[in-house]
Amino acid sequence: MEGAGSFGAGRAGGAFDPVAFVKQPQTILRILSWVFSIVVFGSIVNEGYINNGSERLHCIFNKNNDACNYGITIGVIAFLASSFFFVLDIHFPQISSVKDRKKAVMLEIGFSGFWTFLWFVGFCFLANQWQRTSPEDLPLSQGADAARAAIAFSFFSIIVWAGLTVRAVQKYLLGTDMTLFTTDHLDGNATIQPYPTGSGMESTETYQSPPFTENLQTSPKGYQVPTY
């Protein structure tokens, strides 16, 4: 990964480069996860329900409403999470606290790994229910393209979210370059400057007379003080 510093980012307060940010693999994966989630839940919402000879709408996945609800739920949450982490990626280099950076990376690892698993479950669930769907339930193959799109992009989402998990783990393993941070960034406390070890005071054992002072009781040699 590029750049030395804390969890893949340099010193806090640096200038933001949008071109370099967009070119990062993590940003590309984040955008793909955002787009794929829209395709999944958008396909199911728009064409995932049909009314085959009845007023009640049925899910195109073997008339199993749980399959449609699952695909919509994980797609919408993935869309919101991708937006959240995209904003977090932008502000991550501006986070000065090492502890806060570590928490953000651990949150990303946990969520990305968990959502990779949920996308895998969703792909298997939708593919299984679509395989059990009879042609009689879909007159004129109504909604077939939407079902295939939801299944395909669920599979693509597994790869993308797994890639995001790997990138987050790499950032965590990269750790922290402590030279980029002061003590107050690490523990939240201000740095206390120690007192100098050398003596800052001169010794008072030796007394020196003030300048221009002499013994007034002694007169110059050969001179008598007149008396009045």
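From the backbone N, Cα and C atoms, a Cβ is placed for every residue, glycine too.
According to TrEMBL, the protein has these features:
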{"type": "DOMAIN", "residues": "21-173", "note": "domain 'MARVEL'"}
{"type": "TRANSMEM", "residues": "31-50", "note": "transmembrane segment"}
{"type": "TRANSMEM", "residues": "70-92", "note": "transmembrane segment"}
{"type": "TRANSMEM", "residues": "104-130", "note": "transmembrane segment"}
{"type": "TRANSMEM", "residues": "150-169", "note": "transmembrane segment"}
{"type": "REGION", "residues": "197-228", "note": "region 'Disordered'"}
Other parts of the chain folded back onto the transmembrane segment (70-92), taken as Cβ under 8 Å at six or more residues beyond its ends:
7, 9, 16, 21, 26-27, 30-31, 33-34, 36-38, 40-42, 44-45, 48, 101, 104, 108, 111, 115, 118-119, 122, 125-126, 150, 154, 157, 161, 164
Over the domain 'MARVEL' (21-173), work out the mean pLDDT and round it to an integer.
92
